[in-house]
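Engineer: Here you go, one structure.
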Amino acid sequence: MTDIIRLTAAQTAEKIASGELTAVEVTEAHLARIEAVDEKVHAFLHVDREGALAQARAVDAKRAAGEPLGPLAGVPLAMKDIFTTEGVPTTVGSKILEGWLPPYDSTVTKRLKAADVVILGKTNMDEFAMGSSTENSAYGPTGNPWDLTRIPGGSGGGSAAALASYQAPLALGTDTGGSIRQPAAVTGTVGVKPTYGGVSRYGMVAFSSSLDQGGPCARTVLDAALLHEAIGGHDPMDSTSIDAPVPPVVEAARSGDVRGMRIGVVKELGGEGYQAGVVQRFEESVEVLRGLGAEVVEISCPSFVYALAAYYLIAPSECSSNLARFDAMRYGMRVGDDGTRSAEDVTALTREAGFGAEVKRRIILGTYALSSGYYDAYYGSAQKVRTLITRDFEKAFESVDVLVSPTTPTTAFPLGERVDDPLAMYLVDLCTIPVNLAGNAAMSLPCGLAPEDGLPVGLQIIAPALKDDRLYRVGAAVEAAFVKKWGHPLLEEAPQL
Amino acid sequence: MTVTDLLSYEDALASFDPVMGLEVHVELGTRTKMFCGCSTELGAEPNSQTCPTCLGLPGSLPVVNAVGVESAIKIGLALNCEIAEWCRFARKNYFYPDMPKNFQTSQYDEPIAYNGYLDVQLEDGEVFRVQIERAHMEEDTGKSTHVGGATGRIHGASHSLLDYNRAGIPLIEIVTKPIEGAGERAPEVARAYVAELRELIKALGVSEARMEMGQMRCDVNLSLRPHGRSTFGTRSETKNVNSLRSVERAARFEIQRHAAVLTSGGTIVQETRHFHEEDGSTTSGRIKEEAEDYRYFPEPDLVPVAPAREWVEELRGGLPELPRLRRKRLQEEWGIADHEMQSVLNAGALDLILATMAEGADAASARKWWMGELARHANETGAELSAVPITPAQVARVAALVAAGDLNDKLARQVIEGVLAGEGEPDQVVDKRGLKVVSDDSALGAAVDDAIAANAAIAGKIRGGNLAAAGALIGAVMKATRGQADAKRVRELVLEKLGVQG
């Protein structure tokens, strides 16, 4: 059993295809693991045991019938609870959607089902993906498998923790300001935010429409690439989805050759305020890349310093509008409907009871920023900053193929440390946010443990829009070099649960 | 109904100039909704034409209906507008239970069409140019039915029912610039504008624009200013005025109401008002003390609309003949005077005449029946001409029977009367009522003989060469045959029998 859960997704699929393992065996092993450890980790909000086993049986039947199997057939996956799943609870980590059974599957859900991926269940997250620690979940926090008293990152802490605790070899996340990459960094896993429009947003509950992007989470670069390929590509149901083939990510992940590539170190993302161990591991990664034959230069992106401010105007503005639909009329929670109150009162009471503090804070911020008389100063200026950041990237990519930085300024901090200090919490996403504002692609992958606390550090790789394959090429090279250096994948150093 | 003080229309216009702004919403006749694939068919079971997108379910996303955009561009072109090279949708944020997302996907400062005009012809033939500010795309809301109250309004209701079938149906909102200088004719201009716009929309084939079905709805904004003043007064917005007649009445009522308030030293409150069909009055709706803050921002779930210039030109090239030009051409073809054409238009007879012609009637007789007998019937019954229970095909059949000599005008009127009374097709009425013209010589001969015998003096005059006197004998024959005789043949027989050359 232990062996099965420690396999990569690629290995698992291979063993199922060859008949060495059945999909049901694989699924049962993971369900048993969840049973054994998730009480401690709390990665899952809902485990769909029956659905997962049914899907696994279907894969085994397909194989028995001699039908061709896809590259991820029978591989279990933990899905962030932000993607709709027909008939399976989808809460977005919020009380306001408690008990809601969506009548439809998200495009990503559909594609995973079509690819015969086994969906184990739905993972914990900060409410409506607003947060960097999963502590804003209405259903309680998730622990970091490296140290259960520390944050697993957020908003997709459940997905990252599920990977790091071997409850699933694949997971799905969404990244609005770093919600895939930052959890990956602090849990020693791999997370990719694809180019905006690279993965359909249809059926992904919206936080900030112009920033949200679904993407793959895994324990290896190749597994992430396989998942990326399965969920990516044009979707006519999402107008902002890019009508172009998925970049050749799997091929890039298998190649891992960075000789002659030009790599830019972003001057503004690092230095003062960054944890010493994070800086040290980052610098080592840059040396590794140089050693692999890449050319490394320093690049300045002067507008990045305004990214956080712009983000905290744009994201709340969009969320104030996106979350208006939770009005107790058609679905979800309804409070105070005793036959005497008006619809308006019921809406107000429901939103008061159903939304958590951080969600309310952002709705209020956004409502204010969009108000007439303030729009130009806030939303308008933020959009201008966004343009400047995009130009910084464009200019940088004229001279380099990818940019690199630490994914986060620090390693995982203790649960509770920043819950009462929203600004300190927002700073966690300093390095990841510029990418969302510009809409290009980025990956976080483990680059070692910080010497001072023994916790994972993430390396962020940033590629131009539609060049997601470069992330995998560089990521695979770094990963191979480190595994060789360490003698094993980083996660093997995590404590046994 | 509260009694509202009104100033007489003449007194109001003696002191004030009305300024109007008209906002017309047109429901497009696209097969599917503006942002999803749901059917737009009317009359279906409540909430049967919905999907995650038009219900605003979490995670759902909109996709623009290309036919909707095309229709908007056609309307813009027909209104002589500029068509945006690049424009976006915007979210108009406000809470209302019949709006699934609690924002309406609309357009704000980047409408698809802007800066146009529409020439409208008033009843006396004068042409008035109405400037168009913009035409933009948006989606309709669902429909609330308030249950348990006395008025059907939300006030006093015990609960409300929501039907989202209408949510997401494409709308084009067409907004005029302030209409100034119409003076006492302002209400007439308002009506003529909406009428012309309706014709235009129908001619473009983008909507049936049936006001009684809510497919076209008008808001009348009106303010008064003292003569000689250039700044506008405070306006009222009379919402959902849903017939041509009501548009005119609402404008007229508001002119009189505003004038009464202003001359008595009061101030006009900026508010929305409800129009009442029964007595043509308006009453106060919701007071807008401050401009509502809709927190518009560009819709991030949709990509900008950037119609290629070649496409726009292709659409321009494919526009049908516009109603006013078509009317001009028909008038010339028919060779009728301005006032005759105007009465055809005023009677709403144009399309009926053309349809009758399409069934084989000539222009003159089609016009004659619709503008004569049938218009009279419509007037007497208070119905629209198009609602008179006879089809263009039936009118064309009557005209054909007359042309063939089977009916004369008098008999034809009786046939039409029969059709209107539900007695069946024209031919059936002819048979049942026995209305064929009698031109058979043996039948007519006896009647002519009788007439000559009974009117010897007149017969003598005719013999003496006074042919004009023949009319009296023909009249007698017609009377004797109850109008069914072929008058031309009777005349021939009279002259023949009296040995006179016609």
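Including glycine, each Cβ sits where the backbone N, Cα and C put it.
Where the annotation comes from TrEMBL, it is an automatic prediction and has not been curated.
Residues or ranges marked as domain 'Amidase' in TrEMBL: A:25-471. As annotated by TrEMBL, active site, charge relay system applies to A:LYS80, A:SER155. The active site, acyl-ester intermediate feature in TrEMBL is assigned to A:SER179.
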Engineer: Using a Cβ cut-off of under 8 Å to chain B, which of the active-site residues A:LYS80, A:SER155, A:SER179 qualify?
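Structural biologist: Contact set vs B: none.
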Engineer: If you count the C-beta atoms lying within 10 Å of each candidate's C-beta, which of the active-site residues A:SER155, A:SER179 ends up with the smallest number?
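Structural biologist: Selected from the active-site residues A:SER155, A:SER179 on minimum Cβ neighbours within 10 Å: A:SER155.
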Engineer: May I ask for the distance between A:SER179 (active site, acyl-ester intermediate) and A:LYS80 (active site, charge relay system), taken between their Cα atoms and rounded to an integer number of Å?
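Structural biologist: If we compare the Cα positions of A:SER179 (active site, acyl-ester intermediate) and A:LYS80 (active site, charge relay system), the gap is 11 Å.
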Engineer: Mean pLDDT across the domain 'Amidase' (A:25-471), rounded to an integer, is what?
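Structural biologist: Computed over the domain 'Amidase' (A:25-471), the mean pLDDT is 97 on the 0 to 100 scale.
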Engineer: Could you state the whole-number distance in Å separating the C-alpha atoms of A:LYS80 (active site, charge relay system) and A:SER155 (active site, charge relay system)?
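Structural biologist: Cα-Cα distance, A:LYS80 (active site, charge relay system) to A:SER155 (active site, charge relay system): 9 Å.
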Engineer: So, in DSSP terms, is the residue listed as 'active site, acyl-ester intermediate' helix, strand, or coil?
Structural biologist: coil
Engineer: How many neighbouring Cβ atoms, not counting its own, are there within 10 Å of the Cβ of A:LYS80 (active site, charge relay system)?
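Structural biologist: There are 33 of them.
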